[in-house]
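So the structure is just underneath, and the comments pick up after that.
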Amino acid sequence: MSERKLFTSESVSEGHPDKIADQISDAILDAILAKDPEAHVAAETAVYTGSVHVFGEISTNAYVDINRVVRDTIAEIGYTNTEYGFSAETVGVHPSLVEQSPDIAQGVNEALEVRGNADQDPLDLIGAGDQGLMFGFAVDETEELMPLPIALSHKLVRRLAELRKSGEISYLRPDAKSQVTVEYDENDRPVRVDTVVISTQHDPEVTNEQIHQDVIDKVIKEVIPSSYLDDKTKFFINPTGRFVIGGPQGDSGLTGRKIIVDTYGGYSRHGGGAFSGKDATKVDRSASYAARYIAKNIVAADLAKKAEVQLAYAIGVAQPVSVRIDTFGTGTVAESQLEKAARQIFDLRPAGIIQMLDLKRPIYRQTSAYGHMGRTDIDLPWERLDKVDALKEAVK
């Protein structure tokens, strides 16, 4: 009998407390970048019942009304009713932002490669904002070259938000979570969905039976292709039996606590650094995007069925200290060839990544819910497939 395996990933909605924090941090980043593209930003957010704290380090000459940005973001998510215990107009907003450390700034603003050498390449000027390792990944399981479990998990909670905001399911509230377990065959190909878990916040009057039926009919069956569902697929809808108290009233939230949701759902490794609230000189963010860009173009070029790219940096140094590509035995060329090609085709210095992906723009708020990778609903530069031909040519 052939061996089959299960793999599970989860996602959370824009109304989840940690995601509220991520969206506020990225909304602040975007507001600053819109006025000052050269700004350095590290904005952290904590949310809980009736209160938002924004703290961190910023270097900019621009003025941004933090209070207004916070309230507008909360309102856009859907927290506009005081019954939710967290409302855009009544929440207390407490900003505490200071200037970036000059010790860090000197390494970012003048990389090791250019110190004492005025003739260096200007793209060597910016050093990495910190040491660290970052991963990017792609696999040919979906059209967007993402693992199927996380792709479906994101689509489920996004569908819930659409139904809530349109009023089609009027009893839905903003907080929600999804989890999808996919069965893989002996060739590591997805063959069916084994389990779907959805927990969604709701008004107190609605029955569990109504929620169960609506979620199956209007969410699950609208999102998951019927070819993946069968009579053995298990559905757990609000398995606690009640989810009225949610959002920051039910649980505190912090920026950067959903890094696996933000990336590949645990299917690929993660370097540990969060994204939201950070400008592109922070390689936690920009190099993760670059690594995804490389991996996606490798798979799209049919040079591997799956590819994981690791980049690593030293603080204040422009060039990465290592580039590693793993194709898990699915590659059509040697991994060393792919690593050499990646270094040739993709400029992996922080300033090179920023230029290559045009990262000084206010594009980050839209990434802060429903995943930073594999998005088909928005145009993100690291999702483009414009390096396929160059990669094919480089490994001939």
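Even glycines carry a Cβ here, placed using N, Cα and C.
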- If you check Swiss-Prot, which stretch out of 1-11, 100-110, 177-187, 232-242 is marked region 'Flexible loop'? 100-110
- Message: Please identify which of His16, His40 is recorded by Swiss-Prot as part of the ATP site containing Asp175, Ala176, Lys177, Arg242, Phe243, Asp251, Arg257, Lys258, Ala274, Lys278.
- Response: His16
- Please give the average pLDDT for the region 'Flexible loop' (100-110) in this predicted model. 58
- Query: Any idea what DSSP makes of His16 (ATP binding site), helix, strand or coil?
  - Reply: coil
- Task: Starting from Asp251 (ATP binding site), work out which of the binding-site residues listed here (Asp18, Glu44, Glu57, Lys282) have their Cα within 10 Å, and give them in sequence order.
- Result: Asp18
- Query: Sequence gap of 6 or more, C-beta under 8 Å: which same-chain residues meet both conditions with respect to Glu44 (K(+) binding site)?
  - Reply: Ala21, Ser25, Val54, Phe55, Gly56, Leu254, Thr255, Gly256, Gly277
- Would you mind listing, in sequence order, the residues at least six apart from Asp18 (Mg(2+) binding site) in the same chain with a Cβ closer than 8 Å to its Cβ? Val12, Gly253, Leu254, Thr255, Arg257, Lys258
- What DSSP gives for Asp251 (ATP binding site), in three states, is coil
